[in-house]
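Beneath this line is the structure, given in structure tokens, with notes to follow.
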Amino acid sequence: MERPLSASQRRVAPDGGKLSLVSVRCDMAGTRQDTTRAALNHTHAMEPPYKVEVAGKSLPVLTNQDKGRYGVIVFENLDKYLNMDNWNRQLLDKYCRDYSVGIIGFVSPSEETLVGAQLRGFPLYVHTNLRLRDASLNPGSPVLRLTRAGDTAWGPLPGNDWAIFQHNHSGYEPLEWAQKNVMDYPTDGVAQPPLATVLQDHGQLDGIQRILFGSGLKFWLHRLLFLDSLSYLSHGQLSLSLNRYLLIDIDDIFVGEKGTRLKTDDVHALIATQSRIEEMVPGFRFNLGFSGKYFHHGTHEENLGDDMLLRNVAQFNWFSHMWNHQQPHLYDNVTLLMNDMMLNKDFAKEHGIPTDSGYSVSPHHSGVYPAHELLYTAWKKVWNIKVTSTEEYPHLRPARLRRGFIHRNIMVLPRQTCGLFTHTICIDSYPGGRDKLDESIRGGELFQTIVYNPINIFMTHMSNYGNDRLALYTFESVIKFLRCWTNLKLTSVPPLQLGELYFKLHPEERDPIWGNPADDPRHAKIWAGNKRRTTLPKLLGLGPQKTGSTAFYTFLSMHPAVASNLPNTDTFEEIQFFNGNNYYRGLDWYLNFFPLQPNDTDDKFMFEKSATYFDGELVPRRAHALLPKAQLVTILISPAKRAYSWYQHIKAHGDPIANNYSFYQVITANEAEPKALRDLRNRCLNPGKYAQHLERWLACYPQQQLYIIDGEQLKSNPVTVMNDLQRFLKLPLFDYSRHLRFDNKKGFYCQVVSENRNKCLGKSKGRQYPPMDDRSAKMLQKYYRIHNQALVKLLKKLGSRPIPQWLKEDLSVTS
């Protein structure tokens, strides 16, 4: 169904071939808008990645350097398009023609009922506010790709505000039909013609292709047609893959109260259903997770069911649950945890259960996220686990926000929601009953979940497969419904292969993002209790390096109401968690630097300073995920002076590149130079692009949480600077004038120890360097000019701090 682009279409494809989507409307309110955005947000797996931009009263900039910026235009209220002023309408229509861009429009609900009203500017007529039933699709429509025609969606359609289209031109083709609801519109048994509810405009009249919807996305079939419309109008570039991978875990094998467990007939039904599903989903096998301690803990008939499962071990895939179904986060000793895992492994070997799947699932998601490091360690040592899954990252709901990550070389895959839990044992106990279950299967949540997600992992429980076999009915039914209404290619592979596929599709998700478990009641419950005698910092010192961050750390640590992290033996006072490999050590590792003392309370004002945070590309997002309310302090000096100071600093520490190349050679190194030289150049120059890095922080944090210190003022007048900072942080007043004194020998302020004695920073601080050579100074003045100008604009925008004198001087120097 996908067509190659013509030469003219390729010429006007958006930048880099990545098509964007703009949703044009004048207001943000209303169910129609909400459901459309929800459908778009579900398609995070769409290739190539897309961007949604919302337009206001006027059109956004449509082109960039003679390339179209948008691949499809969506009007969530078609009236906004039809009634645009002539200038904007002509501009938009010309853009669509020139760049082969299509339009999707939704007829908006209205109190006014229209009968045979002509759409402005089109040979089309609409009837509105209708109640309809029995939708069917045009099997010959070129739009259909993911959606499969051939059946009828019997029954009343949702809502009483449907619009239908009538036309008398060959350039229009119905995509969907429906019938009037005979309960509302009696027909006396006379057959009625089908009514067009979704219409394709082939663009014969004005060169613009459009797809018009007579109702919104409440109707499940319209969600499919919307995806196909995006794909068709973008010439295949805004498309979801048709491949879907399906894995169904059955947790708690052998676990369950008497009366809820599998009997021999249930096991036979499980095998028979699996065989039928495998015909529809190649490679499919149920994935059974076992806890050996509870083997033969049921009734006599249920114990025979346990035996039947073991006689049919080869029929299923198997993975280890916990031996005693205990939550791993409750273990604080890795040896005990490993011993329990070994009990389950010994049970598996004794009963012929395979032990090499490389997959495991933790009871109640405990220990996977929030990550309990002992679980990851024990899993690797006992079972050589390479992949697991959870619903908890980054949060339980909504399911579309779940992501994967890799920690300790274990792939963590997101599970989706299927609506089956330990308490939904029978169909009648399903929340809302059979009707609600069937709604989820027939176009509802479960159906849509598989449509939108290329990889689907569902967790179920042994109790869902006994009694009236709720789970067997659910999955076989939804798979049949998918095959009836979609062209999706369903398949299944073992978990390890599934993990590799997932991170091939989503390589950007490999790195985890650690949040604060205490912020989520669900996460707090499955977080190891001994970690709660820690606290997180309320302030981050960002750096950058060689601006006075160590002095700042020292001065702030003097405050009696403030405490810093424990020192890192590798990097002295700096933890350097958010910007490097330490981040992959996990949250446990970070929290160990912030223990609460016996008399401390949870509101203890803790802080940490790592000067490498300032220009780290990933740092703001990582920091905000864990510390969204933290205050941020950064110290700025002349970027040229900072670059020179960094060069001299590492030269003094014996860096071979700095010792073999002059400062000028370093900062002017080109891309043909050795990598080590280019790396040093970047470490000298890049942190000084202050505005660029501050904007990245301000994209994550509100400006009220950012405090900028003039590094020259910190050096020459630290008492005033620290007093101002105290007020910003709302700390009890500490008289720095009694605790800081200028040291004539050192040439900077030091901590007062006694009347005649100061405690100063180490001899590496305050070191005097030879003056910077003129060539380097002129080069840096020119290099940083645009960045310094951007910094002035940013500081004026923030409005809270004066323009530093060094910044004025750097900009006043003539070339």
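Residue positions begin at 1 at the first shown residue.
The backbone N, Cα and C atoms fix where each Cβ goes, and this holds for glycine too.
What TrEMBL says about a protein is an automatic prediction, not a curated fact.
Now, the feature entries from TrEMBL:
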type	residues	note
ACT_SITE	K546	active site, for sulfotransferase activity
BINDING	S645, Y749, K765, G766, R767, Q768, Y769	3'-phosphoadenylyl sulfate binding site
DOMAIN	49-233	domain 'Heparan sulfate-N-deacetylase N-terminal'
DOMAIN	539-789	domain 'Sulfotransferase'
Where S645 (3'-phosphoadenylyl sulfate binding site) and the residue listed as 'active site, for sulfotransferase activity' are concerned, what is their Cα separation in Å, rounded?
6
Could you state the CA-to-CA distance between Y769 (3'-phosphoadenylyl sulfate binding site) and the residue listed as 'active site, for sulfotransferase activity' to the nearest Å?
13
Cβ atoms within 10 Å, counted per site: which of S645, Q768 has the most, among these binding-site residues?
S645
Between the Cα atoms of K546 (active site, for sulfotransferase activity) and Q768 (3'-phosphoadenylyl sulfate binding site), what distance do you get, rounded to the nearest Å?
13
Give me the long-range Cβ neighbours of Y749 (3'-phosphoadenylyl sulfate binding site): same chain, 6+ apart, Cβ under 8 Å, in sequence order.
A551, K715, P718, L740, R741, F742, D743
Please work out which residue of K546, Y769 has the most C-beta neighbours within 10 angstroms of its C-beta, and give that one of the recorded positions.
K546
Kindly state the mean pLDDT of the domain 'Sulfotransferase' (539-789) in the predicted structure.
91
